[in-house]
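Student: Quick one: the structure is below, questions incoming.
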């Protein structure tokens, strides 16, 4: 997987997903369930806004002092027997991990869920070496078996599939013969993966939070697969975005409380694991060799700029669960491994406007994402700023839109042209007007009216109305 997950046109992806009634109902149910649970848990926590402000302060502080905490983290990892590699690009990160796999003659690698490894397309890089890479998160495993489908949700990657579809995938690909009952499906995957953990040469994880003061990494999971990935293989590789740091355990506790409640509405996940370095003498499990790969891949270019707040993100998907656009089109429409409002903001920054210039328009700018964010990222404002950059700096607005805006500029700056245009507007739009609205407009208005009605021009202009009003006042 890489940042870009589809080469199809954005409009074609939207049309396809809008016709997928199962996906839309599945996403709606999941959003409602997550939202209800989140509200219940945040209310139990107390003053939620105070918690949000505290989380925002922590994330802002880290970003403003990121160089210091990165140095502290790397120093403490090294003191505990680990190796640290700073990867400026995705290619540098994958090359470093490929080198580890070559040195270990790795035939089998087990992975826990990690968005950053999908961002850098790590699985494909390792498979090029002939390594068998096995996803151990249940949702990611389902998608891997289903011909490497991209995830449709940051937290629940297989959200778009129901139990019958999952059963059919396992039946077609692996000869599964049991029912579609969730407990039977889960037990089947558990038995399939058990031997994989025991025979894997390398374990690879992501990182929810790295703790600078101790050189530890924290993994927040519900399935326990990440614990096995880190406990059984002799070599462990952890891949993290450079911004995923907290200063101490105290800040980690705050952010974990925000994360678990915002993601799926839990007080705590089933497993919160903190790992520090290689195993000590006498330990029965843990890696003999540990590598921490810290990935930049465009993040340093975001630091210090107007989009820096997006690096506060803790990957909870609360914004996704609140988004009305995601509710209707699902995750695959975005064409990026990052979907929802997070993907709308982050994908153009990491992947470029050439591939993701449509995403900032996949938003109503309603602000629901901003209200849901546990660390107060002003998501809808960042999305709006993307639109401004696309038009003003990147010059990527459609030709028809550029011509329309140029014509409007000429007309608005000339009193004579403006007067003529207002007189002509009503009769020109009359064939398209129905009950004072334009429901199917011509030319540049066509795209607009596909999604909403356009108000019809008034037959009586303001100037004409004012002229007659003033004349009437004078006569009276």
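The backbone N, Cα and C atoms fix where each Cβ goes, glycine too.
Source: prediction; values computed, not measured.
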Student: Based on Swiss-Prot, name the residue from 207, 373 that is recorded for the same [4Fe-4S] cluster 1 site as 313, 316, 319.
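Tutor: Checking 207, 373 against Swiss-Prot: the [4Fe-4S] cluster 1 site match is 373.
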Student: Looking at the candidate ranges 427-451, 452-476, report the one that Swiss-Prot labels region 'Disordered'.
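Tutor: The listed stretch tagged region 'Disordered' in Swiss-Prot is 452-476.
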Student: Which sequence positions outside the domain '4Fe-4S ferredoxin-type 1' (304-334), separated from its termini by at least 6 residues, show Cβ-Cβ distances below 8 Å to it?
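Tutor: Distal contacts: 5-6, 10, 13-14, 17-18, 20, 23-24, 27-28, 30-31, 34-35, 38, 55-56, 59-60, 63, 115, 150-156, 159-160, 208-209, 243, 255, 258-259, 262-263, 340-347, 349, 359, 362-364, 366, 368-379, 382, 385.
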Student: Can you tell me how the residues of the domain '4Fe-4S ferredoxin-type 1' (304-334) break down into helix, strand and coil by DSSP?
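Tutor: Residue counts for the domain '4Fe-4S ferredoxin-type 1' (304-334) by secondary structure: 19 helix, 0 strand, 12 coil.
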Student: Taking just the CA atoms, what is the gap between residue 316 ([4Fe-4S] cluster 1 binding site) and residue 369 ([4Fe-4S] cluster 2 binding site) in Å?
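Tutor: Between the alpha carbons of residue 316 ([4Fe-4S] cluster 1 binding site) and residue 369 ([4Fe-4S] cluster 2 binding site) there are 12 Å.
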Student: Across the domain '4Fe-4S ferredoxin-type 2' (353-382), what are the DSSP residue counts per state (helix, strand, coil)?
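Tutor: Final tally across the stretch: 16 helix, 0 strand, 14 coil.
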Student: Which ones in the same chain are close to residue 373 ([4Fe-4S] cluster 1 binding site), with CB under 8 Å and 6+ residues apart in sequence?
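Tutor: Looking at Cβ-Cβ distances below 8 Å from residue 373 ([4Fe-4S] cluster 1 binding site), excluding near sequence neighbours, one finds 52, 262, 318, 319, 379.
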Student: Roughly where does the domain '4Fe-4S ferredoxin-type 2' (353-382) sit in mean pLDDT, to the nearest integer?
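Tutor: For the domain '4Fe-4S ferredoxin-type 2' (353-382), the model's average pLDDT rounds to 96.
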Student: Counting across all protein chains present, how many other Cβ atoms fall within 10 Å of the Cβ of residue 323 ([4Fe-4S] cluster 2 binding site)?
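Tutor: I count 28 other Cβ atoms within 10 Å of it.
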